Ligand code: AMP
């Protein structure tokens with residue numbers, strides 16, 4: 001696809017990039033210096049389309065919350081954001097908008113300048129990501145109105161996984177479904193896996209292209225990726241984020257026969273099944289208590305809550321099994337990375353996972369494991385173990401960096 005040259009006065013890398021992550025009822029935003037990763041301002045508009053719609057702006061460690069006026073939509077949220085940026089004198093620093101776009105299909109393996117063609121492609125890809133791509137497009141359109149003269153860049157969550165070989169992405173279904181309808185594994189959280197792999201490469205003091213890593217992004221959504229010579233060669237999420245390990249509310253891998261049983265014998269509609277496997281399962285479904293890792297850990301450790309313990313035990317076992325299975329993709333392994341809200345903060349989850357990986361020669365230094373939480377990063381393995389890092393992810397910085405890089409290359 002051809003890319004038009006953006007109209008801009010100054011190099012994108014010297015200004016700030018406004019990073020936008022639009023959900024169906026929320027907009028997350030960060031204003032970031034692409035070279036240093038410094039965040040000038042960040043925040044979230046949430047509860048859109050309801051009278052509770054509000055915007056929270058974080059600046060210099062302080063949070064301000066504003067109620068949004070009607071209509072309670074994405075455009076209003078962005079107009080209020082623009083007003084705030086204007087009052088703070090920050091609009092003049094913005095050189096481009098970088099959008100997180102969830103599904104880029106097979107077309108997009110690189111950050112891409114948004115043109116009408118690209119918008120159309122994102123819209124067509126909504127059939128593979130019906131919850132995400134339409135919301136991303138709403139954000140793009142609202143930003144085009146709010147920031148008329150600024151270039152907009154799409155950074156795709158699937159892009160990093162486009163290097164997977166066929167053996168990793170073709171399902172055991174008739175091949176014609178892949179050819180005619182794009183039914184294959186795509187993988188998600190690519191921006192996060194790429195960021196933490198790059199950070200691990202720095203720790204190893206080698207170029208990323210020489211690194212072999214497994215990274216576990218464990219948040220409300222969870223995925224594990226195996227990286228060979230700096231490229232993703234397999235990942236646990238599939239055509240949608242529903243595949244793989246169990247997550248906050250998603251069940252992950254499931255015997256397809258269960259779906260027929262639910263529909264044919266237990267009276268579930270397809271909509272009911274969708275809600276069950278995506279919103280009511282995973283940690284929430286098994287524990288019957290919460291999808292929140294912290295709540296479950298407290299219930300397990302303080303109240304001996306049997307189902308919270310079971311949910312977390314299954315969670316860790318499935319992740320350990322997935323990590324171990326990736327030894328089939330590698331001949332060398334430099335180390336394992338934990339990231340995402342649970343991966344960065346829960347020393348209990350890390351211990352439970354790593355103790356099931358002794359065959360791969362992983363063991364944790366418990367002192368370091370306990371000390372490396374709440375934004376701290378570092379190697380928490382014992383001296384005899386392969387490296388095992390906790391790395392705080394920063395997808396927004398990658399989006400800012402890649403947007404600036406693309407624009408710099410386009411004006412060259
Ligand atoms: P994310 O989707 O990456 O923002 O991660 C959200 C998840 O991280 C939620 O399940 C949180 O409960 C979990 N989390 C955050 N802090 C902790 C913590 N200290 N211990 C356990 N889980 C945590």
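Placement of Cβ uses the backbone N, Cα and C atoms for every residue, glycine included.
Feature annotation from TrEMBL assigns active site, proton donor/acceptor to 157. Residues or ranges marked as Mg(2+) binding site in TrEMBL: 21, 395. For 28, 217, 218, 219, 220, 221, 292, 293, 294, 341, 342, 343, 344, 345, the entry in TrEMBL reads ATP binding site. TrEMBL lists 100 with the feature substrate binding site. The site 'Transition state stabilizer' feature in TrEMBL is assigned to 189, 250.
Shown here: features listed in TrEMBL, placed on the structure.
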residue	record	contacts (Cβ under 8 Å, 6+ apart)
21	Mg(2+) binding site	27, 28, 29, 99, 100, 139, 395, 396
189	site 'Transition state stabilizer'	157, 217, 221, 223, 225, 235, 237
218	ATP binding site	293, 319, 338, 339, 340, 341, 342, 343, 346, 349
220	ATP binding site	247, 248, 249, 291, 341
250	site 'Transition state stabilizer'	221, 241, 242, 277, 278, 281, 282
294	ATP binding site	345, 346
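In this entry, 28, 217, 218, 219, 220, 221, 292, 293, 294, 341, 342, 343, 344, 345 make up the residues listed for ATP, with the farthest two CA atoms of the set 22 Å from each other. Ranking the recorded positions 157, 292, 344, 395 by other CB atoms within 10 A of the CB puts 292 at the bottom. There are 18 other Cβ atoms within 10 Å of the Cβ belonging to residue 28 (ATP binding site). Cβ-based crowding with a 10 Å cutoff singles out 342 as the top-ranked of the binding-site residues 100, 342. Within the set of recorded positions 28, 100, 218, 250, 344, no residue has a CB atom less than 6 Å from any atom of ligand 1. Classification of residue 21 (Mg(2+) binding site) by DSSP places it within a strand. For the recorded site, residue 218 (ATP binding site), the DSSP three-state label reads strand. Look at residue 189 (site 'Transition state stabilizer'): DSSP puts it in coil. In three-state terms derived from DSSP, residue 28 (ATP binding site) belongs to an extended strand segment.
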